[in-house]
Amino acid sequence: MFHPGMTSQPSTSNQMYYDPLYGAEQIVQCNPMDYHQANILCGMQYFNNSHNRYPLLPQMPPQFTNDHPYDFPNVPTISTLDEASSFNGFLIPSQPSSYNNNNISCVFTPTPCTSSQASSQPPPTPTVNPTPIPPNAGAVLTTAMDSCQQISHVLQCYQQGGEDSDFVRKAIESLVKKLKDKRIELDALITAVTSNGKQPTGCVTIQRSLDGRLQVAGRKGVPHVVYARIWRWPKVSKNELVKLVQCQTSSDHPDNICINPYHYERVVSNRITSADQSLHVENSPMKSEYLGDAGVIDSCSDWPNTPPDNNFNGGFAPDQPQLVTPIISDIPIDLNQIYVPTPPQLLDNWCSIIYYELDTPIGETFKVSARDHGKVIVDGGMDPHGENEGRLCLGALSNVHRTEASEKARIHIGRGVELTAHADGNISITSNCKIFVRSGYLDYTHGSEYSSKAHRFTPNESSFTVFDIRWAYMQMLRRSRSSNEAVRAQAAAVAGYAPMSVMPAIMPDSGVDRMRRDFCTIAISFVKAWGDVYQRKTIKETPCWIEVTLHRPLQILDQLLKNSSQFGSS
């Protein structure tokens with residue numbers, strides 16, 4: 001049952017209307033239905049307004065009145081629905097058609113149309129060709145607003161192979177989750193991958209981990225190398241990737257690393273990659289050409305009595321090319337194959353700590369006993385007798401020339417850091433505050449130049465290795481060997497056995513002071529960083545920091561220098 005004011009689809013009995021498509025009056029015979037006139041007219045008007053089939057019919061909403069007489073204009077009318085007189089393109093009742101219900105009437109008030117309008121033909125509808133759907137329409141429509149599962153599924157379709165599918169899936173899902181809150185960068189990644197780099201995109205950054213590596217499914221690798229292998233080059237190594245100029249994230253950025261695979265290019269490299277080359281850890285024997293004659297030290301020996309390469313021949317062929325020692329970071333070291341000789345005597349202290357504010361040492365040198373304390377805590381406490389518990393309280397150290405920057409930084413030290421000396425000679429660190437570390441071992445694992453960057457650590461309950469005694473021993477052995485070779489070659493040139501032009505190049509940074517800094521010390525800055533991307537270029541410009549001198553590697557360095565001196569004097 002229809003009620004007043006409700007619209008319905010057009011359905012009339014003996015309905016007459018004007019069809020402008022044929023220019024003639026049409027009478028449609030329909031089965032009689034019990035619709036009231038008001039509902040019929042409102043339904044025709046609804047049909048006209050909704051479907052726009054008859055553009056000449058008036059398009060206006062029904063009007064509601066309160067049972068007052070309505071005077072129609074002087075136009076021809078149709079007295080009833082069963083008899084027709086002059087018709088001007090629409091139905092016009094002879095008197096207002098109404099359905100009274102609570103004194104409410106629905107009246108249709110049309111406006112007559114002219115004969116020119118009735119006879120005019122509507123323009124033909126132009127044919128619109130459908131837009132072709134690109135083959136990768138699903139990828140194009142994928143945005144950062146979609147679910148992580150859908151985005152990951154689309155990105156997996158563009159992998160280049162070469163990696164385990166389960167590893168690829170987990171690596172992509174992990175990346176998408178990290179970028180879900182950075183929609184602009186996630187959109188940039190989707191665009192870069194789905195367009196194969198044809199569309200320029202911005203940097204896609206993730207937070208740099210504490211050791212600079214990405215761990216997925218039990219495997220570790222450098223983040224930008226991992227995703228470059230997934231989406232571009234399955235067999236690429238770290239040393240073959242070069243950052244493009246459009247990448248705005250520097251390689252030594254302390255917090256972020258760009259993993260956009262199209263912000264790097266691959267270059268041909270004949271260098272031997274470091275430990276970052278593969279996601280798999282391979283324990284292959286170290287070649288003798290890298291270890292020299294002192295490669296794997298016999299466990300029965302104490303210290304090598306003579307330095308390596310005793311079979312030095314002072315003569316050089318006139319056309320012999322200059323021997324250039326490869327860069328240290330480019331030569332792989334299998335630390336499991338290196339044996340560190342036992343010390344000739346036990347040490348009383350395993351480290352000593354000096355506290356600095358800017359370039360000024362504050363207080364006395366703090367020494368940590370090797371027998372009583374295997375770990376040391378450096379915090380912002382006020383206990384002046386904390387050394388009895390293996391604790392250095394920086395809050396108890398006064399400085400009459402303390403700057404405002406140092407005062408503010410000291411407030412955030414809190415529980416500080418904890419350094420632990422392990423039985424194998426390695427040193428690990430646990431951070432309870434924001435710190436930046438200078439460590440030669442961390443530089444080696446990251447493949448960067450020694451002492452060139454600060455490694456950022458955030459408060460974390462896990463400990464991380466910041467020094468490896470096997471690595472330090474091997475590196476000091478190499479530099480000492482390089483220095484000895486240069487001395488012998490220089491002596492041969494002076495004696496006339498070879499010209500100076502063919503003298504082997506000495507390995508850089510082979511000086512004692514530099515070896516001590518790179519392999520025997522760790523520096524930790526609290527709160528503030530330093531480096532090329534900061535106003536503070538060196539650690540001596542930071543407000544408060546400590547320098548930890550490790551006595552065990554110092555002992556090794558001293559013995560190596562003694563052996564070199566004995567060889568040089570013999």
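Backbone N, Cα and C define each Cβ position, glycine as well.
Taken from Swiss-Prot, the feature Zn(2+) binding site covers Cys203, Cys247, Cys258, His263. Just so you know, the Cβ of His263 (Zn(2+) binding site) picks up 24 other Cβ atoms within 10 Å once every protein chain is counted.
Per Swiss-Prot, the feature compositional bias 'Pro residues' maps to 121-134.
DSSP labels the residues of the domain 'MH1' (150-273) in these numbers: 49 helix, 18 strand, 57 coil. The annotation domain 'MH1' is assigned in Swiss-Prot to 150-273 on the grounds of sequence analysis.
For the domain 'MH2' (350-570), the predicted model reports an average pLDDT of 82. Positions annotated as domain 'MH2' by Swiss-Prot: 350-570.
Here Swiss-Prot flags 115-134 as region 'Disordered'.
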Give me the count of other Cβ atoms within 10 A of the Cβ belonging to Cys247 (Zn(2+) binding site).
18
Which site among Cys203, Cys258 has the most other CB atoms no more than 10 Å from its CB, taking these as binding-site residues?
Cys258
What are the other residues, in sequence order, whose C-beta lies within 8 angstroms of the center of the C-beta atoms of Cys203, Cys247, Cys258, His263 at the Zn(2+) site?
Gly202, Val204, Thr205, Lys243, Leu244, Gln246, Gln248, Thr249, Ile259, Asn260, Tyr264
